[in-house]
Amino acid sequence: MDSELEQRLDNHALHVQEEDNDFNAHLQGRKEVKACRDKSIEETDLNKPAYCVTDVPPWYLCIFLAIQHYLTAFGGNISICFILSEGLCLQHDSLTQSYLINNLFFVSGLCTVLQVTFGIRLPILQGGTFALIIPTMTLLNLPEMKCPDWSKNATLVKASFPEFTEMWQSRMRTLQGSIMVASLVQILVGFSGLIGFLMRFIGPLTIAPTVSLIGLSLYDTSGDKAGSHWGISAMTAVLIILFSQYLRSIPIPVPAYSKTKKLHRSKFFLFQKMPVLLGILLSWLICHLLTVSNILPSDNNQYGYEARTDVKGNVLSEASWFMIPYPGQWGMPSVSLAGVFGMIAGLICSMAESVGDYHSCARLSGACRPPKHAINRGIGIEGLGSLLAGAFGTGNGTTSFSENVAVLGITKVASRRVILMSGFFMILIGMLGKIGAIFSTIPNPVIGGLFMVMFGVIAAAGISSLRATDMYSSRNIFVFGFSLFSALVIPNWIMKNPEVLNTGVKEVDQVLQILFTTRMFIGGCFGCFLDNTIPGSKRERGLLDQEDDEDLKEKVYGLPFGLSSRLQSRPWVRYIPFCPSEDHSCPEKAEDTITSQRRLSKHSIVDETL
């Protein structure tokens with residue numbers, strides 16, 4: 001009897017112990033849930049921008065960050081100018097190269113001010129677009145547009161000769177007219193609201209091969225520059241990689257002053273902020289030292305001569321201190337039918353990339369997703385910017401700069417006041433002739449090292465567009481792989497066999513030549529067609545927006561100077577696709593508010609149980 005009672009007591013004690021363990025485990029689980037939730041909230045707070053779109057930072061911070069944005073766009077803009085110089089026969093005319101650099105920065109500043117004030121109204125910088133480089137170089141490589149052999153010999157090139165001036169300016173005028181006509185299409189697509197309809201058919205599987213091929217198509221240009229001295233080019237690339245990837249998290253102590261801390265030391269992440277500029281300056285300095293010590297050859301027929309810093313003559317002394325770019329400064333623009341079609345193809349790719357930049361910028365700025373009327377305005381203003389770029393004779397268009405969108409996530413300062421000031425800063429730099437002249441004297445091998453890094457990053461940025469798609473899907477792998485490979489094979493074969501495009505009509509032959517040798521056009525067309533015809537779910541294709549909105553800001557996308565409130569009372573405004581016809585708050589705000597309240601109520605229930 002005693003043994004039976006002891007057994008029952010032991011069983012009861014064991015049962016009680018199991019219940020205690022279950023209760024403790026349950027309590028521990030709820031504590032972990034709460035800790036995880038608190039950690040998530042804390043991480044969300046850390047990811048919030050310190051200054052949102054409509055905030056105004058202190059003036060000194062605005063100035064510093066404006067200069068930083070300019071330096072971030074510096075590499076892309078001068079790269080475009082140096083590539084254009086090759087096609088315009090200006091590789092040995094540094095003074096004219098400096099004018100192109102000043103022109104592009106001046107127009108980029110104008111377009112930035114327009115975009116921030118009347119366009120998408122997000123803190124997004126405008127600059128030259130690589131999407132137009134490929135059709136531009138294809139146009140300039142047509143048999144009737146190729147540079148004569150004598151222009152490739154530095155000893156025969158005299159910038160003051162009327163024959164040389166007319167040669168490159170006629171090419172520039174053809175580019176101007178083609179870009180201006182093509183930009184009218186972009187203006188129409190934006191302000192008519194057509195971009196919202198077209199984006200239904202343009203997903204990551206269209207954007208990825210298109211953007212990747214922009215970088216991959218420029219390997220020949222990079223090789224020519226880098227091959228002038230592989231040692232200097234490799235050093236430049238290694239320095240940029242070292243600063244941007246390995247040393248980016250190492251702070252540099254700098255003196256600072258504040259009312260509370262007085263004079264003290266502060267941390268400045270120099271390598272993270274301006275790795276491209278540091279790499280170029282250091283390589284440039286080494287080239288100068290090698291030139292002064294006569295280690296680099298002084299004979300222009302010897303290998304390595306182009307690494308010297310005295311190759312480009314007295315361009316700095318010849319450049320004027322102050323210049324004002326103006327429309328038509330190279331003469332009356334002319335129009336090429338082939339050039340227009342090529343530029344339209346490039347601008348379509350640029351528009352698709354810009355819409356992606358708008359959404360990324362809004363997320364990093366603490367704003368809601370941009371509504372359709374704001375996207376329509378943004379693309380329309382970009383078209384207007386390309387029209388201005390063509391009129392001013394930059395040889396290029398304008399688009400949003402993805403690199404500067406990334407800066408917002410690093411600095412946590414997303415105020416559009418900063419970008420507005422950066423636009424005015426670029427306008428000022430564009431009027432200082434000596435600044436462009438300094439940049440034009442960078443040795444070719446240093447530029448080659450810059451190209452190797454920059455174009456590689458552009459190619460990888462295109463591939464990163466696939467992050468929202470299901471790349472375990474054989475469908476997506478086929479679409480991307482076939483689009484990319486076909487865009488490499490077809491143009492290469494046509495360039496080797498140009499006689500196959502012979503319709504008997506010269507203008508039609510030129511149009512076909514440009515379209516079928518523009519790799520990003522071929523890749524984008526195949527990607528768009530296959531992605532929209534092969535069956536696949538929206539989630540598989542990466543068309544679902546899975547990101548939640550962060551801090552919703554009202555009146556981010558409204559028109560400035562009180563125009564929105566005045567137009568809202570007009571019933572006809574709702575028929576204008578680029579005007580806000582209702583409250584400027586995000587259309588998702590009411591739904592998100594209800595969702596947030598439900599989440600808070602659930603959290604409160606959990607807190608009560610804890």
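The backbone N, Cα and C atoms fix where each Cβ goes, and this holds for glycine too.
Record features, source TrEMBL:
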- 58-88: transmembrane segment (TRANSMEM)
- 100-118: transmembrane segment (TRANSMEM)
- 124-142: transmembrane segment (TRANSMEM)
- 179-207: transmembrane segment (TRANSMEM)
- 227-247: transmembrane segment (TRANSMEM)
- 268-291: transmembrane segment (TRANSMEM)
- 330-349: transmembrane segment (TRANSMEM)
- 418-440: transmembrane segment (TRANSMEM)
- 446-465: transmembrane segment (TRANSMEM)
- 477-494: transmembrane segment (TRANSMEM)
- 514-534: transmembrane segment (TRANSMEM)
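Of the two recorded stretches, the transmembrane segment (268-291) does not lie close to the transmembrane segment (477-494), with fewer than three CB pairs under 8 Å once pairs fewer than 6 apart in sequence are set aside.
Scored by C-beta pairs under 8 angstroms, the transmembrane segment (514-534) has its highest count with 477-494, from the stretches 100-118, 179-207, 418-440, 446-465, 477-494. Contact between the transmembrane segment (446-465) and the transmembrane segment (58-88) holds: at least three of their C-beta pairs are under 8 Å, each pair 6 or more apart in sequence. Comparing 58-88, 100-118, 418-440, 477-494 for CB pairs under 8 angstroms to the transmembrane segment (124-142), the maximum falls on 58-88.
The transmembrane segment (58-88) is not in contact with the transmembrane segment (477-494), judged by fewer than 3 CB-CB distances under 8 Å for residue pairs 6 or more apart in sequence.
For the transmembrane segment (179-207), the residues of the chain that approach it from at least six positions outside its boundaries are 132, 333, 335, 340, 343-344, 346-347, 350-353, 355-356, 372, 375-384, 386-387, 389-391, 395-397, 462, 465-469, 476, 479-480, 483, 524, 527-528, 530-532, 541-543, 577-578, judged by C-beta separation under 8 angstroms.
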